[in-house]
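K.L.:
Here it is, the structure in full.
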Amino acid sequence: MTTGGRAVLLLPLLVASALFAQIRASDPLFHESFDEGFEGSWVVSGKEEYSGVWKHEKSDGHEDYGLLVSEPARKYAIVKELDSPVTLKDGTVVLQFEVRLQNGLECGGAYLKYIRPQEAGWDAKEFDNDTPYTIMFGPDKCGSTNKVHFILKHKNPKTGKYVEHHLKSPPSVPYDKLSHVYTAILKPDNEVRILVDGEEKSKANFLSADDFEPALIPSKTIPDPDDKKPEDWDERAKIPDPAAVKPDDWDEDAPTEILDEEATKPEGWLDDEPEEVDDPEAAKPEDWDDEEDGEWEAPKIDNPKCEEAPGCGEWKRPMKQNPAYKGKWHAPLIDNPAYKGIWKPQEIPNPEYFELDKPDFDPIAAIGIEIWTMQDGILFDNILIADDEKVATAILEKTWKPKFDVEKEKQKAEEAAAADSEDLSEFQKKIFSVLYKIADIPFLEPYKIKIIDIIEKGEKQPNITISILASVAVILVTVLFRTIFGGKKPVAPVKPVAEVKKPNATEADAAGSSGDKEEKEDDTTAPRRRSRRET
């Protein structure tokens, strides 16, 4: 067969191989979308302390399902074992997942644990806080803690012990109730990048002592734990001058303050007036019983005569700083001739030191969520492990971005409505204030109670403010007409104020979830102004 013939036969194979490689590169290593229920795939911890109930629920306002933390003030634990472990030692690895804090996050975690291979016989139902992991990644917020954790557990090849290494400069957790996506990109050049919503927030190097605490590579030397400070070691840089003597005229007993003999009583001082007097408006209560309650005494008030005077009562000379006061004498400090500096133990080689070109990551054999939180409504979705950043970005754009855009627009609309409502509320307050003043006009006295009834109804239902204005205007015009033209023309009937229609249960449900519903009005808490009727 000619060379050209072989090339023709090989061309389809090459194209097929390239196409297969392209398809393989576009697939994630693991992707959990929670489109189907999690039962049978994820294993809930059987430990008694994890009493929180996981649910398969839709994200509020979307048709997309996720794994929901359904109860507040609970511990939760659930784990998913991978079909085959994912190695972190070769090439790029992307860890990514979505979290929506539908009720906010005041105190609790919403992070994932990437579990390393366990010992033979390990049961997923035993998953708990002590289950060894390779990486812990995700948001955590409580008190002063507000960070997107990235913690690597790395095995020291010298000692065989695992050490937790925390990213020193993690990003903070977004403070809202929107969906957010968290991404950690581990690169083969030892770089790790942390992204929130696809935007880089932090970058570090696994082998840099400036980026992780403690450093992945221990220091070459350590202080000798057996080295002890000599008994005659003097760390005092300064000492009291042993040759110094207290001066003969130094009076340590002189007081800090003395009477100001030069002070004179201000003109107009009321010597015979007390600072407080009985309240002249106070009266003994009618039910006061001198035998049971004792002799009644009027409460005291500030003496009004003292308000304009420089002072009342007995005048006394004020105190002033004693110019002779020096306090306790101390010898001045001088340089210590025996000073040897601050003692430190000598350095010795660190027995735990090792050299490393790149971290010796343990594989990821399972993904677990083990959290304690005071909030419910935490929704996990689209948990992803990929070996290509483009794959992670494509899934982010497809699954998270549309939801986030909808939520963001809804948030903007709610904020704008709240701002408009607040402005209208201030405007309404001014209207009602003017209406109450109108009700106090003397010639409207016969209609005062009726006007106040209308105003109070308007305060409970601010959306009928215009109707309230119209009703009061009708009364005002009618009274003015009768006053000017006389006659016995009856007062025009006040148009009843329309009641606000309350939505039925179906309408309320269609408006959104419980997190978006407005609280129902409670007539028992509405402000009353009965005192205005009695004036």
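The backbone N, Cα and C atoms fix where each Cβ goes, glycine too.
OK, TrEMBL features for this one:
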type     : residues      : note
COMPBIAS : 223-239       : compositional bias 'Basic and acidic residues'
COMPBIAS : 249-261       : compositional bias 'Acidic residues'
COMPBIAS : 269-280       : compositional bias 'Acidic residues'
COMPBIAS : 287-296       : compositional bias 'Acidic residues'
COMPBIAS : 297-308       : compositional bias 'Basic and acidic residues'
COMPBIAS : 515-526       : compositional bias 'Basic and acidic residues'
DISULFID : CYS107-CYS142 : disulfide bond
REGION   : 216-314       : region 'Disordered'
REGION   : 496-535       : region 'Disordered'
SIGNAL   : 1-25          : signal peptide
TRANSMEM : 464-485       : transmembrane segment
K.L.:
Including all protein chains shown, what's the count of other C-beta atoms within 10 A of the C-beta of CYS142 (disulfide bond)?
P.N.:
14
K.L.:
DSSP-wise, what's the residue breakdown of the compositional bias 'Basic and acidic residues' (297-308) into helix, strand and coil?
P.N.:
3 helix, 3 strand, 6 coil
K.L.:
Count the Cβ atoms, other than its own, that fall within 10 Å of the Cβ of CYS107 (disulfide bond), considering every protein chain shown.
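P.N.:
The Cβ of CYS107 (disulfide bond) has 15 Cβ neighbours within 10 Å.
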K.L.:
What else in the chain is close to the compositional bias 'Basic and acidic residues' (297-308), if you only count residues 6 or more beyond its ends and a Cβ gap under 8 Å?
P.N.:
270, 273-279, 282, 284
K.L.:
Could you give me three numbers for the compositional bias 'Basic and acidic residues' (223-239), the DSSP helix, strand and coil residue counts?
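P.N.:
The composition, in the requested order, is 0 helix, 3 strand, 14 coil.
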